[in-house]
């Protein structure tokens with residue numbers, strides 16, 4: 001029996017603008033298992049990114065619960081939420097959000113610095129991760145000196161520096177060409193298998209999503225279909 005890492009229970013989300021209410025998510029239920037690679041596919045505006053943000057405590061649900069390792073993420077203090085984001089969750093975005101004035105090594109180590117870890121050890125861990133993502137020769141380069149695919153690899157390494165239980169990736173290949181995007185997905189699969197980290201990846205590309213262990217389809221705020229894939 002698989003161990004459940006994250007549970008989304010009857011989560012709904014709506015936005016209000018005067019008399020107008022926009023329903024984005026409707027009673028979404030979801031389980032993410034330890035170490036699995038889960039893809040959520042859907043068209044733009046289907047609610048998939050909103051769900052990912054709620055899973056990562058970046059947006060509050062209008063109703064429902066989100067539990068990570070049994071802890072209700074919306075029944076804890078904002079300080080505890082920040083601690084969870086830094087220690088237990090990793091984030092990868094379509095646009096890498098690397099700090100432009102810092103090297104690849106410093107960008108990867110930054111979450112560990114924020115956590116208060118020893119700087120020498122944090123940089124040593126960052127070096128190992130950069131080597132693991134194939135950038136051992138680019139550690140001293142700033143983002144402007146890296147290609148789009150290389151910058152996204154740095155972002156993946158940064159997401160893993162604090163050894164999170166779960167990494168949430170929002171369109172991680174959306175800003176890359178097909179070849180670079182495919183390489184990023186292969187890297188995610190490889191790292192998930194090596195490190196035992198769970199990944200939830202939001203994408204509009206069903207071909208890339210099909211590489212993951214499991215696939216859910218989001219349509220009009222509902223999770224509609226599940227497809228199983230060979231390992």
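Every residue, even glycine, has its Cβ placed from backbone N, Cα and C.
Copied from Swiss-Prot, the annotated features are:
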DOMAIN    6-231  domain 'ABC transporter'
BINDING   42, 43, 44, 45, 46, 47, 48, 49  ATP binding site
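According to DSSP, residue 49 (ATP binding site) sits within a helical segment. Residue 48 (ATP binding site) counts 27 other C-beta atoms within 10 Å of its own C-beta, drawing on all protein chains shown. Among the binding-site residues 43, 44, 46, 49, the residue whose Cβ has the fewest other Cβ atoms within 10 Å is 44.
When the binding-site residues 42, 45, 47 are compared by the number of other C-beta atoms lying within 10 angstroms of their own C-beta, 45 comes out lowest. Same-chain neighbours of the ATP site beyond 42, 43, 44, 45, 46, 47, 48, 49, judged by a C-beta within 8 angstroms of the site's C-beta center, are, in sequence order, 204, 218.
Mean predicted confidence for the domain 'ABC transporter' (6-231): the pLDDT average there is 86.
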